[in-house]
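Visitor: Have a look at the structure that comes next, please.
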Amino acid sequence: MSEVRVRFAPSPTGFLHIGGLRTALYNYLYAKRNNGKFLLRIEDTDRTRYVEGAIENLLEQLKWAGLDPDEGVVLDDEGNVTEVGECGPYIQSDRVKQGLYQKYIDELIEKGYAYYCFCSKERLDQVKAQQKADGLMPKYDGLCRGISIEDAKKRIANGEEYVIRLKLPENKEITFNDAIKGKITFNTNDMDDQVLIKSDGFPTYHFAVVVDDHLMGITHIVRGDEWISSTAKHVYLYQCFGWDVPEFVHLPVVLNKSGKKLSKRNDDVAVKDFRKKGYLPEAIDNYLALVGWSSEDNQEIMSMEELKHKFDFNRVSKSGGVFDTEKLNWINRHYIKEIENEKLASMLKPYLVEDGVISEDYPEYKLIEIASLFKEELDYMAEITEKVEFLFKDYEMDDDAKEFLNYEKLDELMNALKEEIESVDEIEKEFASGVMKKVQKKTGIKGKDLWMTTRAVVTGNVHGPDLDSIMVVLGKQEVLDRINKALNR
């Protein structure tokens, strides 16, 4: 068997969609499972939709997700777009500039598999409108199919605008096998004479993708199932050239919880948005692998190495995979819990600084306490702001906490705690861990009277995270201010 070579071939028309990342991931995992190569090609033949900076952004998101191409378009160490590999250029517009497609379109025309079409947009619109009115499938009516190459070249020399179309045979069945969907057959009577070269000289997706996949030695074409209806045209082009047809793998669509296709209008779909919220790349990879696929042992938490070992297309579902944010949160929460507190603190800091909760010079030891306090509660990093809000906003006691202000030994308890806190320069973890035992020993107060009364005064609530850590985060002066407020009630 020849080396497995797969490619992810996005268009630089905007942000990387979460469904696109899943397609890239499945390509990557299949390549790694089979000791093959994962290529990245940029398909930018539709220049009207090109977005400046989209290539850099796309490569950055893939790099973040750990999906580094073995070949094709990559980012160098300085963040510049470059290429690695022997089959370049890997950006289609650069391939056009080198004239790579010309010999192949000339071959199709010479063999009678393609023809020049001079129909105007206005005429094409009229034909399609009439077909719709007659209840027919809108497609090109073949007016220019009979124009000879000689006549066509004369018209081109006279300055007439043209495109080049694929000349499909009539009533021919084209069958191909899909690794997920099985055998699929289309009849050419239900297909259109696809434009292969546009009036601007650029190849269309349908022509370029076949030429590029062949020249780059792609063995498995792994893409979304929205391309199934176009695949018969691609198979016919392979047959016209006499090339081996690669294996096709059309992935089920990613759906929202309503069963509709994920859309940027109604759903969070941009990878950059998940990244900004603080989802971890290992969680995103783990979860996306499960959107339409399951491992044989039904394991759900899997590292990239485990995914590489277990992934195959025979367990990919035929129906759409539902993107369930709650399950993503559950998986992300698992990975957050695995992070060391010191590292997690540095990861949480940008969110707290950006939201104005803390300053850049906020003490590291307090950040570590915050990480320790809330790591079990976070679905994603950006949630940290609302989780810690009660520690930083203006101090206020809720009604349940106020009940403890009536405790008969409140003054004795608070004065004992105040005395201990005033004896240190700052509340650090070691002090906080032992201070309540000292207060208990000094006052004889224990249990609920000790702990819940102190919590009510220090936090303004009767429930919440570890009291020791809260005192560290609040700091000496803030804790004393809250104690004094209770004493001066």
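Positions of Cβ are set from backbone N, Cα and C atoms, glycine also.
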Visitor: Which stretch does Swiss-Prot mark as motif ''KMSKS' region', out of 186-190, 261-265, 316-320?
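Guide: The range carrying the motif ''KMSKS' region' annotation in Swiss-Prot is 261-265.
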Visitor: Tell me which range among 10-20, 76-86, 296-306, 439-449 Swiss-Prot lists as motif ''HIGH' region'.
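Guide: From Swiss-Prot, the annotated motif ''HIGH' region' range turns out to be 10-20.
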Visitor: DSSP says what for the motif ''HIGH' region' (10-20): how many helix, strand, coil residues?
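Guide: Going through the motif ''HIGH' region' (10-20) residue by residue, I get 3 helix, 1 strand, 7 coil.
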